[in-house]
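Heads up: the structure comes next, in structure tokens.
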Amino acid sequence: LTGVLDDCLCDIESIDDFNTFKIFPKIQKLQERDYFRYYKVNLKRPCPFWADDGHCSIKDCHVEPCPESKIPVGIKAGSSNKYSKAANNSKELEDCEQANKLGAVNSTLSNQSKEAFIDWARYDDSQDHFCELDDERSPDAQYVDLLLNPERYTGYKGPSAWRVWNSIYEENCFKPRSVYRPLNPLAPSRGGDDGESFYTWLEGLCLEKRVFYKLISGLHASINLHLCANYLLEENWGKPRWGPNVKEFTRRFDPIETKGEGPRRLKNLYFLYLIELRALSKVAPYFERSVVDLYTGNGHEDAESKALLLDIFRDTKSFHMHFDEKSMFAGDKKGAKSLKEEFRLHFKNISRIMDCVGCDKCRLWGKLQTQGLGTALKILFSEKEIQSLPENSPSKGFQLTRQEIVALVNAFGRLSTSIRELQNFKVLLQQTR
């Protein structure tokens, strides 16, 4: 897999080097910090589209929720412990703290800032959300320690998994009516229209719809790579051994096994990496403000986490071959606005489909990675709002919840891991030849 990616001026080798030597080691360390390892999620939300198939009973599908005692005080306290102690003691902030869910701010507030918070809390920012967020106040929402529940092969497959991916591709990926074959790469072979030649239909789509398909395909490829790289190889007396499964990787990505489709799926993974990398470089000014703090209640750790995050932002800005999102939705204003809204609603629908995944662990990581991508899209389409952020008070025009911040970093961490694992599989394949 080499050369330049479609729809952007970037080559695969440059991304490999940049990811391996700059991004991957730092993003791994950042994901281990308390602020980013605890993710609040509701895994009991019913599937809104079809009758539930029942949950996967395989033990590796299980997610271990985190006991309350393990959650850092600054995270557990939710909105009541977001800012400084002085602010927490202030009764007039109560309404505003109940209403907003930022989780990233910890500083002494002036009266002007308090007013801004209250004003901002009233602001309904659902208009720029690309994902349906879980209600963190729901009794079914639980904290999960992501380090103790790693994404890996669980054995979840069959009709339930098929239906989820089929619904994502067939109902949300702007597929032309003239195309009869399912877009889902898991679809059984249909003969002559298979393989690389099938994708001529993509060339007839506008850039935005091509991008949408590539994002979903890239996410699917990344998830498949994680499953191949962290596969249950054997189970000896209750001691499982996890590791890379070259045979499974070949089945999903080899050009011969996939009739030429495998490399295209991997190119879409690189494309998705570029999109999320671009979002990280664009959102840097939001976090560079002194008013924003990755607050857990441990001042020393919080300062280190923020320093590491800002270091990663510096790296993302130094990469010289970013995807240019300005080429999207650049037609006539009315048409562009309508297309952007359609794009947003399709993606929001995909975030709701994640509540139909029957395996809890797959659902957890599916929701987190979808939300991370949705947050990246929200950032890319909020450039003006981010550039005009006030230094010492929250912004009415753009904000991120703690849930979105954690999803954004971990989703990009998963893509970074995928590209790193791809290098490992290249070495393993050379050894087996």
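For all residues, glycine too, the Cβ spot is worked out from N, Cα and C.
Positions annotated as disulfide bond by TrEMBL: Cys56-Cys61, Cys359-Cys362. Among the features that TrEMBL reports, FAD binding site is placed at Arg152, Thr154, Trp165, Ser217, His220, Arg252. Residues annotated as active site, nucleophile in TrEMBL: Cys359. Taken from TrEMBL, the feature active site applies to Cys362.
Feature map: TrEMBL annotations on the structure.
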{"residue": "Cys61", "record": "disulfide bond", "CB count, 10 Å": "19"}
{"residue": "Arg152", "record": "FAD binding site", "CB count, 10 Å": "18"}
{"residue": "Thr154", "record": "FAD binding site", "CB count, 10 Å": "20"}
{"residue": "Trp165", "record": "FAD binding site", "CB count, 10 Å": "20"}
{"residue": "Ser217", "record": "FAD binding site", "CB count, 10 Å": "26"}
{"residue": "His220", "record": "FAD binding site", "CB count, 10 Å": "21"}
{"residue": "Arg252", "record": "FAD binding site", "CB count, 10 Å": "22"}
{"residue": "Cys359", "record": "disulfide bond", "CB count, 10 Å": "24"}
{"residue": "Cys362", "record": "disulfide bond", "CB count, 10 Å": "25"}
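In this structure, the C-alpha atom of Thr154 (FAD binding site) lies 8 angstrom from that of Cys359 (disulfide bond). Among the recorded positions Trp165, Arg252, Cys359, the ones whose Cα sits within 10 Å of the Cα of Cys61 (disulfide bond) are Cys359.
Largest Cα to Cα distance within the recorded FAD binders Arg152, Thr154, Trp165, Ser217, His220, Arg252: about 21 Å as a whole number. On a Cα basis, Cys359 (disulfide bond) lies 14 Å away from Trp165 (FAD binding site).
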